[in-house]
Amino acid sequence: METIIGAGIALFTMYAADRWKKSDAEKIQHTFKNIGYAVGDHEPRLFKKHKTDGYTLYTYHVPFGLIDDDKLQVLEKVLNKPVKISFTNQKLQIKVYKNKMPVKVEYDWNKTDGWTVPMGQSQERFILHDFDKIPHMTIAGMTRQGKTVLLKLILAHLINNHSDDAEFMVIDLKGGLEFNQYRNLKQMKSVASNVSETKQALSDVLNQIESDMSHYKEKGYTNVLDTNISKRKFIIVDEAAELVPPGHLSKDEKKPYSYCQHALSEIARIAGALGYRLIFCTQYPTADTLPRQIKQNADAKVSFRLPTEIASRVAIDEQGAESIANIGRAIYRTSKKHIVQVPYVENIKERLGDHFVSPTTEEDAEGRADTVQFG
Ligand SMILES: Nc1ncnc2c1ncn2[C@@H]1O[C@H](COP(=O)(O)OP(=O)(O)OP(=O)(O)O)[C@@H](O)[C@H]1O
């Protein structure tokens, strides 16, 4: 009996060791076979392997008729390493990284050039977003995944980098809880915490846009980037779902909601060239919460974890956000796609202490929204 058990253990150990011994290239080739990634008997054929300090890149010739396939994502689990897969001109490239991405990155308060802000650490490098190249951004993600931390990071970084030129209007419809504490920053023009304050604030912004447009026309300007205007005006919406009117409201009661959605769409459509930047955030990306006009004009799309593939497609036009496993991990999508660990920012009030002004009126002290007067 003991001999049989001993032999069994030895066989199992040899089997396990054999599996363990296989190189990544062999495991990939076996995976092609096991998941049926082939045309008839023809599987992709490895023709180049390129190794660097951080990763190994395997390039395969792919038989005609075989196309890119989401099921290749299984390689990440098979190899137990981060993997990036790309498919171009009948060539399949599989990049296998040596190290996993960090689960937390601390924000370092270092300045960056122009109107860039940190988006986070990707597998290969630190990624910045440039608000002068891409004016508007949407941010989606389930609750407690890191949206507010990213908004605060953007706010803090821009104030630290452009204390005289960055201006903010925040629509914080979660009762103003998160952003009211920053309302006395000198760069903060308004924090609206309900729909009627939002309507008033957005109406002020639309009036300013109209007057900016006349000024631009008069001067012959077409874009803020071609002028010596140094100010940039950020409109941040934290939880756009609150701007969707509840079904039980009457037609008249729904009007302020529609006005706000229309105003934000207008800002996305026409105000980028005038130096306005929209950052539009939601937990529930749907056609209602993420209006088409805003989505189309926001060329930077960020998503933290989302509950379903459908929500991911609404937020970033592709699947993937439903599989994010780490808090603060996001897909940042422009014409390129990066998976990033967003830096965690703390102690904003202490760090930006010099930028707070004392409240001058009772209204300021109570933290109500007043009119927005971008400079
Ligand atoms: N980039 C990050 N790195 C590490 N931890 C993070 C990061 N972002 C968020 N967290 C953690 O997750 C918590 C929730 O984050 P956050 O408040 O940003 O969530 P949220 O997505 O805005 O949620 P909600 O929609 O409910 O307001 C934070 O208090 C922090 O502990």
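Cβ from N, Cα, C; glycine included.
Listed in TrEMBL:
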- 123-313: domain 'FtsK' (DOMAIN)
- G141, M142, T143, R144, Q145, G146, K147, T148: ATP binding site (BINDING)
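For ligand 1, the nearby binding-site residues are R144, Q145, T148; that is, of M142, R144, Q145, T148, these have a C-beta under 6 Å from one of its atoms. Each of the binding-site residues G141, G146 was scored by how many other Cβ atoms lie within 10 Å of its Cβ, and the smallest score goes to G146.
Ranking the binding-site residues R144, K147 by C-beta neighbours within 10 Å puts K147 at the top. Averaged across the domain 'FtsK' (123-313), pLDDT in this predicted model comes to 94. Long-range Cβ proximity for M142 (ATP binding site), meaning a same-chain Cβ under 8 A and a gap of 6 or more residues, is found for Q283, F304, R305, L306, P307. With a cut-off of 8 Å between CB atoms and residues at least 6 apart in sequence, the same chain places F304, R305, I324, I327, G328 near Q145 (ATP binding site), listed in sequence order. Around T148 (ATP binding site), the same-chain residues six or more apart in sequence whose CB sits under 8 Å from its CB are E178, D238, listed in sequence order. Within 8 Å of the centroid defined by the CB atoms of G141, M142, T143, R144, Q145, G146, K147, T148, the record's ATP site, lie the Cβ atoms of Q283, F304, R305, I327, excluding the listed residues themselves. In the three-state DSSP reading, T148 (ATP binding site) counts as helix.
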